[in-house]
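Reading through the structure tokens given below for one structure.
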């Protein structure tokens, strides 16, 4: 039987698995071998499918003609090609084994499973609605739907019809794939299948955004879109192009498209899409990870069983996979002749783990921080910047940095012996100054002054739109007033209805502020001083706002007040402007 697991420990990677009676650890469960003397790792759901032993890859090749008769030449995850003793084989993720076509590799690559309907070993395409067979790659088709390239880590060609092996580039002019080892024929993609996934594979790597997760033994890396993808190896190095990654203890060389280390050189790896973090809600406060089942504990609290649609045992301590029965006297889950031992439960947490717990920052000083595994380096401005590798060498130009052991050269290069790589560009560090009272919080580290709106910027950080409740435009450079739509092509803010906007009530001005009104009264920065109906200075929460005659309301710049001051009428189409600027935390006095 299975114990209910903690989502916090699960997400933080603290759950090492199940310890078998012989001392070994397994990710899901332990099963007795046929002889009954030894234990091996198993998954009761996977073990009900047809199973055969995988074969070792043997000998390098470039085409099927380089392999013995009945063998196939397969591309491995490391970028090399090897002979598989099946006429139509599938390369396993460990890079050393292969399975026949129609089968899927086990996690350790030593077994092949033949699965029907929707195999768990399938590659899930972004959006989680379509999937490709194991050892395939998701690529966009001509019609915008998802297609499958029949090899792992493939390169998707720009024509949206063809693809090339990992490490090769598409030469559409000559209809071929070009790689350092030679040329290959372009491969055609086939349509992806609709996902009908009943059970999810366990994920134990939650990315810093707390919205994306990656499989165990992989690494979260940021993609060009700002979202997170998965590098298919643990403790990987995320390359600065946001497309590739390299093994641990290597350096990304984007000029040569290689991963460099002291002893060897390998091809860059392409990141895979991450999976959305989803929850199974037990009640309004407690949830379990996707693919788990909520079960009550003896205390009445909720616990998490690591299988979808699981059977909760009557002892309120254990659970079994779907289709199994709880045998509390034996302490097993049984389905026919198959028996597996049980484990103990733990309490389900109240919420998802805080991403700041999973990924601690690197402090530069008391007020500035860089992401984990980064190095703090000074910028030309004198502020702190972040070099995206640990223990880096900060170059004297205050723009670049180099890996540990390398020397900074002119024009942004790094050298170590005969090896030369491109230097990495620093990014601005995050300010950790706490929010001032009244400021608008963008995230844990950044805020905008009151009366403004946080908008994402081109740099991937936050910027401030100098309008309250504004609409942030898709180009990440502009913003429009609330209720308007950005027309990026026409560079205008548009509204389908009439040119009317409700006015804003004035607030009494403080004694101290940034904008001097007179008579000892001030308003905050990006506000406008207006006299109220009593003749006392008050503050309009718009920069260059228009004061209404009623002494109670005001309108944004570019509008004028109606006769009664109950409406803001637009004089003309709002001017497209560069509203965004860098956010600066300010005290409100």
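In case you wondered, yes, glycine gets a Cβ from its N, Cα and C as well.
Over in Swiss-Prot, the protein carries these features:
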- 125-138: disulfide bond (DISULFID)
- 132-148: disulfide bond (DISULFID)
- 282-294: disulfide bond (DISULFID)
- 288-304: disulfide bond (DISULFID)
- 295-312: disulfide bond (DISULFID)
- 305-319: disulfide bond (DISULFID)
- 313-326: disulfide bond (DISULFID)
- 320-333: disulfide bond (DISULFID)
- 364-376: disulfide bond (DISULFID)
- 370-386: disulfide bond (DISULFID)
- 395-408: disulfide bond (DISULFID)
- 402-414: disulfide bond (DISULFID)
- 38: N-linked glycosylation site (CARBOHYD)
- 263: N-linked glycosylation site (CARBOHYD)
- 373: N-linked glycosylation site (CARBOHYD)
- 526: N-linked glycosylation site (CARBOHYD)
- 1-17: signal peptide (SIGNAL)
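Neighbour counts were taken at the CB atom with a 10 A radius for the disulfide-bonded residues 125, 319, 326; the maximum falls on 319. The subset of disulfide-bonded residues (138, 282, 326, 370, 386) lying with their Cα within 10 Å of the Cα of residue 376 (disulfide bond) consists of 370, 386, given in sequence order. Just so you know, the Cβ of residue 402 (disulfide bond) picks up 25 other Cβ atoms within 10 Å once every protein chain is counted.
When the CA atoms are compared, the disulfide-bonded residues lying within 10 A of residue 395 (disulfide bond) are 402, out of the candidates 282, 288, 402.
Taking Cα separation as the measure, residue 320 (disulfide bond) is nearest to 312 of the disulfide-bonded residues 148, 288, 312, 402, 414. The shortest Cα-Cα distance from residue 304 (disulfide bond) to any of the recorded positions (282, 295, 319, 373, 526) is found for 295. Every protein chain considered, the tally of other Cβ atoms within 10 Å of the Cβ of residue 373 (N-linked glycosylation site) stands at 14.
Each residue contributes its Cα atom, and for residue 408 (disulfide bond) and residue 288 (disulfide bond) these two points are 49 Å apart. Comparing the Cα of residue 313 (disulfide bond) with the Cα of every entry in 125, 138, 282, 295, these being the disulfide-bonded residues, the smallest distance points to 295. The disulfide-bonded residues near residue 333 (disulfide bond), taking a 10 angstroms Cα-Cα threshold over the set 132, 148, 282, 288, 294, 370, amount to none. Highest Cβ count within 10 Å among the disulfide-bonded residues 148, 304, 313, 395, 414: 304.
Comparing the Cα of residue 364 (disulfide bond) with the Cα of every entry in 132, 138, 326, 526, these being the recorded positions, the smallest distance points to 526.
Residue 305 (disulfide bond) has its Cα within 10 Å of the Cα of none of the recorded positions 148, 282, 373, 386, 526. Comparing Cα positions, residue 132 (disulfide bond) lies closest to 288 out of the disulfide-bonded residues 288, 326, 370.
Around residue 288 (disulfide bond), a 10 Å sphere centred on its CB holds 25 further CB atoms from the protein chains shown. For the disulfide-bonded residues listed here (320, 364, 408), the lowest count of other CB atoms within 10 A around the CB belongs to 408.
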